[in-house]
């Protein structure tokens, strides 16, 4: 039987915690951890929408993802000091934004903008999936903030969204890879799903060998298991009163 | 029966042409068109590898993707004038590079670098998949150039690589979307496959509604069909002598 | 008798081709080649003018010049990746814009803007002169596009404009230098002329030795010959119906 | 008697907490809070020093300060997205670095570099003084890390360093201003002191009215009180074993 | 008795000259020299204020500081070529702006902006203090220019402002350090004062050893002496008619 | 008879002054004025050459041109603040560098670099020609500095270089245009000549109407007159001992 470096079963998530209201100023905020990966998510509400959307009656949700320089084992240079965003940062920011928008009814949101900042305080694999999973909760709190102020035209959230990574490590499909697993994976896949169990994003990459259809199916199965558990946790945490 | 705007069958590619040797200076070059989408690909060989790879005995393949300002219906601003690369440019450049590297034996390449430039001269949907499909052919010619000069340590190409887009348009899965189809698609997926029919990248995005497992399977089926035909064309075009 | 590397006479242009309508989206477009130098020119029309010109009743014509990374013998780094435009790019963009504006009646153009993009696909000397010569034709087609839509207040083109390089190579004045000639020239001059044989720009540079007045006159004579032939070709190509 | 908005005495610090070892990867790390101001400090050790210091036998300590976008009441734009550092960021980074170096014996540090990252997670006034106070503790842990590996040439820390803000609010000198106090202060002063009670930096600014010598003395008195208490807390927290 | 490298007494300023009207176009301009330090100051008036201040009825004064590349012993790279401002430039620009605003009644200035450019032509220590001292005079001339055109709502200058550096060199407090003194100083302090002898900014930095309260007092005493003399010179030079 | 706005004859230069040694640190420096145009030129010597020229035994001369923000009638934004160089700045920097190199024997210069900074303190037309004319003198002093230290392999200056503008204003050719004349000129030409009366650069631009060969000849005649006088002045000023 295959054992993982941290003793988890192949289809087992790491310890996941989602702490709401971690920040005092943000309309919604969450400190989310997937094992040692820790992401601080702040959802900021502003009235109005970007210029290109004005007068449409539609709201807007967008996201920015970044990493603190010492989130990683070796310190990386600040992108603000370099003066430009790296490709990875761009790519993940766009992924988080798209994932959130997939469960938003922009009509019901009205001309309001929710900007979701995901800042990785510590990275141990799966930062983008932790960010998406936490971002949904922070967005939900930001939506509540809007609702309490009667600023909505209906229910803007059509479903929840969660995300998890799966991968092929040493020939074995595994759920929710930590950094050590991720860096030795042959195939790496990020799966973003809605609360009702459908796919929002599927991004699979062969790091070494191309993968066949049967392996792809195994990985999708694992992803469905993981997202379904995360959906459950999101429901529980949102059922509690915000501190 | 569903008909497409340009009369194609649902599982039909657009007219694909791959013209080798379009440039005089580049070690490999291709003008590739998928219908009205036209991409100029140049594969440039340089001896040596980036600093972080020196002394490893391994080669390096990387790619940059860009669009001419008037490739699109409306002119877009040059990224060189803006002073920074957009997220989309970064994302596609990284995708093209990863896709090519998946069929490269870096040991056999030796400490040589192949830089593949994909410049979209005209865009009508599917620019990234046309770029990958053409880039493989340009890379193959660059590898021949190295082989003729006895600069290789073996056969660096372990397989071919091709790519195609598939999507759900008006509820119907379709192959190789043109711009009109792409901009109204509910779900959009890019599939990159090796010549032996395995997956290198699978990137599916729900633009409107999340999609279920069954639709995902339909789209993967279509992608397999498309990539298999493109693989065939690549073989034919590479079987001809380079002009 | 002096022979040139490619067998041309001293006052002979390279093969010049101007293909109109190379792009589907642009209001005017041309693929122009001077020998192996190939420039793709797109003239884009937008209603309205830059802010500083609003309400003046005057139109605006401007240009941007750029080179694909593998246009040259050795690949050069993308300016979009470097994050800034080089001095040479700036200088040529400004030259092309000024040259076109010299034959434009901005009153007759009305408050419309024509942006002319000149992208060098392959460089073998004389890219800026090929760009200007092709840009005039693309601009003429863009003007026709405006005329067909009754968007003009008269005839905006007061004349045609063409350009050619001349230089002193190995002590001998020559017309339309290719890269090999250009890189060994003592003196290099770019001449931009109107269709009626007057000067729009004269830019002569002593690369090695300063040059005297008599040589300057010889070079101007050659330039007049070259521009006059290019003017003729522009007329012919514009006389044909646009494809 | 003057009361402060949060009920503190005029010479009273806010609740200060210093949590060591908040990050798993960094050689030294601290989550420091001055009331609702929370700064995450990571001290990263690298062998070697910047190029201009190589071969000197001397170490180097430097710092970078930044704020998460939603640290503040209203979200501020990321400096990485803007593509440049603001003046305030530069200024505080330099201040933190200078303050730390004032208590470092670079000879004893040997050719090692300690880079101290101070990232403000939440801002409520006094972020730079909290950063300096926490940074000393993180640096001390990084020094211990070096000592445990026998990488030092002696004791690099000649003393401790702490910092506090003082200001004139509504005509009254106060210690450790929160945001509300700070934004209405007439005079604002940041004081950085060594553990033995001497000054490392004194930066006083008249926000409204110039201030006279007598008021300057009152503010310096308050600053001495505050830094002396912070020095005490630093000692206590460093006396505990690192978790 | 301590002698200084240039024979000055410890509390003696260098030769200070302030030449008004050095530029033809600027509304106020000054060439100010403190010994060999020479700063060209231009105060530019524009009607209106930055967007964030519009409609407030208040004016705005701001400053930019820069150094010519060969102002220093060794040439430094241009910040325009580097593409970003250094931290020191930012810091001094902000200091000059704050110092000037401390003596401005923005109500009386009305919705006008005075932008003060301080360009160091030659640097020999004390460039920021020379800049502030000269900037006040240039600003006063710009205010006169506004008064002559009846564009003011009262007297915008509530006082004058001057600045001087003091420092501890070889254990001895000295006034107005030249470059040689500055670069060997243990403690370096810049003092900005209003004409009536109060403090606007006090910025003291321990370059080597922390400094105690008694030394701080000595340095403040010296600063008061220096600023008082500079105030006197400013009065004299402004009493003369502008050339 | 045509009179000019400032009473000059058509072929008359403005008052030209060239003050050597204006800066204390630079190896060569000049404050040059052409009427109200004032340019500060600093020639900086460094041992060694740029990387691409190392080991060639050849020296290098290059130049940078810039304008202070308030050199002009209306303040312009700093290029360092904008974060990029404008096209005009690039273009003139390149022109100045090329012009100087045309009279330099790089072999005789040995592996030394002369960097010439031309900073326009005040602009009233002809800033680039004043810069070139002054830059030659500053470069000559920098060469003397090298000669005095026995760092040369011969005489690096093969001739002198000067520059002047000519133009067609109101139908009349004129020498050395001031700003008012320049901004209303139909044709504007900058002429750079060697001391022996040959051309180094000829840059003529039709601002309104194209110009014919005969007018071009008239302008070249005027340019020869102007450069010849400037050459004389350069000789005189260099004959005097450097202050």
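Numbers here mean position along the shown chain, with the first residue as 1.
Backbone N, Cα and C atoms are what each Cβ position is placed from, and that goes for glycine too.
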(message) According to TrEMBL, C:126, C:127, C:128 bind phosphate; which one of C:88, C:101, C:149 is annotated to that same site?
(response) C:88
(message) Taking 8 Å from the centroid of the Cβ atoms of C:88, C:126, C:127, C:128 as the cut-off, which other residues in that chain fall inside it around the phosphate site?
(response) C:65, C:92, C:120, C:123, C:125, C:129, C:130, C:131
(request) Would you mind pulling the longest C-alpha to C-alpha span across C:88, C:126, C:127, C:128, which the record has binding phosphate, in angstrom? (result) 13
(request) Enter the number of other CB atoms within 10 angstroms of the CB of residue C:127 (phosphate binding site). (result) 24
(request) Could you tell me the mean pLDDT over the domain 'Exoribonuclease phosphorolytic' (C:12-142), as a whole number? (result) 96
(request) For residue C:126 (phosphate binding site), list the number of other Cβ atoms lying within 10 Å of its Cβ atom. (result) 25
(message) Within 10 Å of its Cβ, which one of these binding-site residues (C:88, C:128) has the largest number of other Cβ atoms?
(response) C:128
(message) DSSP secondary structure for residue C:126 (phosphate binding site), reduced to helix/strand/coil, please.
(response) coil
(request) Report the DSSP secondary-structure composition of the domain 'Exoribonuclease phosphorolytic' (C:12-142) as helix, strand and coil residue counts. (result) 45 helix, 43 strand, 43 coil
